[in-house]
Amino acid sequence: MTIRSLPAALSPLSMAVQAVLLVSSLALAPAANAKPVTWEDIANDHLNTQNVLQYGMGTNAQRWSPLAMVNDKNVFKLTPAWSYSFGDERQRGQESQAIINDGVIYVTGSYSRVFALDAKTGRRLWTYNHRLPDNIRPCCDVVNRGAAIFGDKIYFGTLDARVIALNKDTGKVVWNKKFGDHSAGYTMTGAPTLIKDQKSGKVLLIHGSSGDEFGVVGQLYARDPETGEEVWMRPFVEGHMGRLNGKDSTPTGDVKAPSWPDDPTTETGKVESWSHGGGAPWQSASFDPETNTIIVGAGNPGPWNTWARTSKDGNPHDFDSLYTSGQVGVDPTTGEVKWFYQHTPNDAWDFSGNNELVLFDYKDKDGKQYKATAHADRNGFFYVVDRTNGKLKNAFPFVDNITWASHIDLKTGRPVENEGQRPAKPLPGETKGKPVEVSPPFLGGKNWNPMAYSQDTGLFYVPANHWKEEYWTEEVNYKKGSAYLGIGFRIKRMYEDHVGSLRAMDPTTGKVVWEHNERLPLWAGVLATKGNLVFTGTGDGYFKAFNAKTGEELWKFQTGSGIVSPPITWEQDGEQYIGVTVGYGGAVPLWGGDMAELTKPVAQGGSFWVFKIPAWDTKTAKR
């Protein structure tokens with residue numbers, strides 16, 4: 001089957017479905033009355049074992065817990081404590097990382113829903129169901145990846161391009177801000193991030209936008225968490241104008257945008273693609289208080305077709321399509337770009353740059369230490385970047401058989417591309433270019449699903465995939481609300497025995513320390529703990545625990561539907577709990593070609609599972 005446009009499942013939602021998407025706040029129990037969250041709580045989230053307040057389990061996004069009550073010696077005793085069903089017919093992909101504060105879990109669901117649950121029992125405290133219009137345009141399923149919390153409010157984004165604040169105890173709407181035209185493709189699927197500007201002392205709510213596949217211009221926002229009012233907005237296409245306090249501020253990069261071709265026949269003086277250039281920061285940001293820097297990934301350029309972003313008869317290597325498919329350091333006071341590192345210049349394959357940016361202390365082969373970001377890109381390369389200035393320190397492949405580039409030049413920071421891997425223009429008189437086989441495909445060596453870093457082993461645990469793809473160019477013109485790709489594609493198998501591969505990577509040597517292969521693609525995030533454990537989920541519904549040092553599979557549990565979310569862990573009343581959202585969906589079954597066929601037998605679902613060692617047997621057991 002040739003895929004040339006967005007899946008039918010992502011057309012405007014039917015009136016029948018929308019009829020049941022009612023705004024509600026069901027007070028099925030007394031108000032949660034959890035403690036208000038302070039900035040100090042958020043700043044110490046990575047150290048606090050009782051709460052999980054940020055996406056990434058801390059502003060450093062390491063997904064590392066110092067808890068060890070559940071460990072490699074007793075993890076085989078894990079049993080379900082409870083499970084909560086999201087209910088009704090609204091299933092699809094459940095990609096949410098839950099957060100927890102003072103014994104209350106807040107987890108988002110598909111179709112822009114939020115649930116507040118008692119962390120001990122799973123009892124529902126309240127539910128918020130957002131009313132969605134018919135003409136939303138999510139590219140990659142009706143997912144939501146999580147909420148944020150500060151003070152007495154819960155914050156999350158919606159598929160109709162809104163960011164909403166709810167009272168954390170009742171689920172009532174406090175404020176609701178529209179930031180983009182959803183009919184043009186603007187959405188919000190990522191979890192917002194709370195940061196504190198070290199210069200002004202103000203706490204800010206940071207969120208991005210989605211919609212690169214529809215020709216939006218990606219934008220990063222800072223808001224007052226109390227009122228929702230915009231403080232600043234920064235676009236991620238070179239030459240587009242930012243805002244500060246409601247007024248135009250500065251353009252992003254050079255106002256003349258030399259990384260995008262000129263076209264004197266247009267109103268802007270630039271090629272059409274510049275006006276619809278993508279770069280959407282749809283994943284959650286990280287924050288480095290030491291350098292007072294927001295660090296976030298920028299999405300793919302629009303359209304995918306590299307020739308639409310290259311001058312007539314020009315060379316794609318002369319036009320990098322800034323500031324797309326890379327990582328950006330942003331000043332929280334003004335929204336200005338402090339630094340930018342591009343993983344894939346003039347990205348021709350939709351590799352994007354949105355995968356998480358993990359903050360860690362990197363020690364190079366000579367023993368010199370740097371404050372760094374770690375990033376496993378969809379293009380198949382793992383990057384270590386100095387987060388004080390955006391300079392590349394190390395890069396190496398984390399998946400097999402990368403075809404589009406031979407390596408990353410550590411001196412220039414640029415990929416060394418292999419000839420013939422950019423899909424060629426159609427020949428004269430033809431509407432489609434000659435197909436070219438590329439690996440990884442646009443779904444990536446790893447996609448949005450976040451890796452974890454262990455402070456004990458010094459390893460990154462990367463949920464990777466091995467697959468490949470045929471690409472070919474097609475004619476492309478912008479039309480509001482329609483897919484803006486200019487590329488056709490089909491994803492294919494690389495190996496017969498597996499697609500997914502959980503890999504433990506050494507960031508200094510680039511070596512694979514261990515790997516565990518899975519038959520289906522890996523689309524779940526990873527959690528690492530001081531108990532020498534690594535947790536993740538599989539496409540066929542298993543929640544698994546591995547020995548962090550050796551990769552030995554120690555425990556698994558069948559949840560009933562595929563897992564495409566990041567797990568969390570916390571301590572309550574002297575016991576360690578592990579929780580994970582369950583429900584198969586996301587991009588793979590919608591865009592995945594042969595992979596969609598492979599995953600057809602997986603049942604949909606929507607639930608949150610919690611595990612612990614039974615109270616009657618909490619002593620460390622000998623195996």
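Backbone N, Cα and C atoms are what each Cβ position is placed from, and that goes for glycine too.
What Swiss-Prot says about this protein:
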type: ACT_SITE; residues: Asp350; note: active site, proton acceptor
type: BINDING; residues: Asp45, Asn51; note: Ca(2+) 1 binding site
type: DISULFID; residues: Cys139-Cys140; note: disulfide bond
type: REGION; residues: 242-279; note: region 'Disordered'
type: REGION; residues: 414-436; note: region 'Disordered'
type: REPEAT; residues: 515-556; note: repeat 'WD 1'
type: REPEAT; residues: 559-601; note: repeat 'WD 2'
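Cα distances from Asn51 (Ca(2+) 1 binding site) to the recorded positions Cys139, Cys140, Asp350 are smallest for Cys140. Once Cβ contacts within 10 Å are tallied over all protein chains shown, the disulfide-bonded residues Cys139, Cys140 are led by Cys140.
Only residues 6 or more beyond the boundaries of the region 'Disordered' (414-436), in the same chain, are considered here, and those with a CB under 8 A from a CB of the stretch are 305-307, 316-317, 343-345, 348, 379, 381, 403-408, 470-475, 487-488. For the recorded positions given as Asp45, Asp350, the lowest number of other CB atoms within 10 Å of the residue's CB is seen at Asp45.
Separation of the C-alpha atoms of Cys140 (disulfide bond) and the residue listed as 'active site, proton acceptor': 13 Å, rounded to the nearest whole number. Residues 57, 62-72, 75-76, 78, 95, 97, 443, 447, 449-457, 459, 461-465, 467, 497-504, 562-569, 578, 580, 582, 584, 586-588, 592, 595, 598-599, 602-603, 609, 611 of the same chain, all 6+ positions outside the repeat 'WD 1' (515-556), place their C-beta atoms under 8 angstroms from a C-beta of that stretch. Taking the Cα atom of each, Asp45 (Ca(2+) 1 binding site) and Cys139 (disulfide bond) are about 32 angstrom apart. For the region 'Disordered' (242-279), the number of residues in each DSSP class (helix H, G, I; strand E, B; coil) is 5 helix, 11 strand, 22 coil. The repeat 'WD 2' (559-601) scores a mean pLDDT of 94 in the predicted structure. Shown for the repeat 'WD 1' (515-556): DSSP residue counts in helix, strand and coil, namely 0 helix, 23 strand, 19 coil. It is 13 Å from the Cα atom of Cys139 (disulfide bond) to that of the residue listed as 'active site, proton acceptor'. Summarised by DSSP class, the composition of the repeat 'WD 2' (559-601) is 9 helix, 13 strand, 21 coil.
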